Every structure is written in C-alpha cells, then in structure tokens.
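What TrEMBL records for 92 is active site, nucleophile. Residues or ranges marked as active site, charge relay system in TrEMBL: 181, 210. Taken from TrEMBL, the feature substrate binding site applies to 24, 93. Summarising the annotation, TrEMBL assigns domain 'AB hydrolase-1' to 19-221.
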C-alpha cells in the first residue's frame, strides 16, 4: 500500500522522482516533511506502508523481513518503469532497504536518515525511557507494548543481512544523523562514511533525537535534503 501524489506518468523527469521508505514500527509520516518538500518542487513521490505497519501494527507479527524487502523492491520496480530512474530516501530501517534498492535499481541519489546500522545504544535507550517515565508520557510504552518480540527479531534479521549493502553503494549519498538519537548510535554516520564507496556527505544534527524529520531541527533537515536532491 502506498500513496502517490500525482497520477500523471512519464511527464516528470527521472531525476525528479523519489521513493521514501519509513522505519521499523513507523509509517510514511516518518518522512512526510521531506515528501511535502519534494512535492512542492514538482517531484513525484512514492511512500509505501511496509507490510504489517498499517492499522496500528495489527498484523506486524504476521510478516517477516523478506516481506518488507519485497514491498520495497516492488515499489522500486514501479519507479523504474514509470520514471526511468529515481532517488531513494530511507529513514532508520528504511535506510537499510534504501541501500539494497540503490544496488539493484536505477537510483540517482541516496538519502540516509539515521540509518539503522549500529542500531542499539543501550545507555541512550534507557535514558530515553527514564525521560518518558519522568514526564509520565506513557504513549510510547503503550505503542511499544503492541510490538511482538517476533517482529523485533525480524528487524534484527533484516539489519544483519542488509548492513553489507552499504559497501556497494556508489551513488552520491547524503548521511543525516541525529546527535541525540536514542535508537541508532551516532557513530553510525562515521561507519557509513567509511564503508560507502561512492561520494558521501555527512551532516550531524546535534539536538535531534531518532525521529529526525519531526524533531527540533526539522527545518534544517528538510533544507539539507532539498539542497542535496533538488538543487545539486
């Protein structure tokens, strides 16, 4: 399932199309500010729900990591057929899928937003929960409680299998990393800079947490992606 902002096909240049992939337990809204920015520039954007993430994760325990990969590939095939080539934007787990897609489809540019490579920072995660508890913000706990352990294991399997994909990405790549990310360790940006053979640009957002497109540096994040994709 995906939303498409325009039905017109073959009228938008190949380099003005993008596939945007959300994170584990996320939704297309994860990257919505970037989607809206690209739409404002006349881009055609596809931002699918990954299987199991629709309807409040009601089915997330029924899918596996290959279902997420298959959905990403199907969307990439659609982009390739309709537009010839396209850029790919991946947030968190979506960054892993973006690397896989970039290595197999006609991708022009890659944007990685807190890509899940060093994806567990125990100390930061504990601090995040303590902060939520102090604020009596239980919404996050209720949300996480819906996620079965089997789904978490599928995420871990996908991460372990796709992490190697970054070593083959040769397209120009923008790496955006939050400095206060409580899920993905900020060292992930250095790792990606080292292993990606193509040209890379790393931008750190020191005040932002994991959901980078919706945090305190949202404007700076969107502007950085705009410069990289639209104005380069």
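Start at 1 and count along the chain as shown; that gives each residue its number.
Placed from the backbone N, Cα and C atoms, the Cβ positions cover glycine too.
All TrEMBL annotations are machine predictions without curation.
Spatial neighbours are here defined as Cα atoms within 10 angstroms of one another, and by that definition the neighbours of residue 24 (substrate binding site) among the active-site residues 92, 181, 210 are 92.
In terms of C-alpha distance, the listed recorded positions 92, 93, 210 place 210 closest to residue 181 (active site, charge relay system).
For the recorded site, residue 93 (substrate binding site), the DSSP three-state label reads helix. Cβ neighbour count for residue 181 (active site, charge relay system) (all protein chains, 10 Å cutoff from its Cβ): 26.
Taking a C-beta cut-off of under 8 Å and a sequence gap of six or more, residue 210 (active site, charge relay system) has these contacts in its own chain: 92, 114, 178, 181, 182, 183, 184. Cβ neighbour count for residue 24 (substrate binding site): 26 (other Cβ atoms within 10 Å of its Cβ, all protein chains included).
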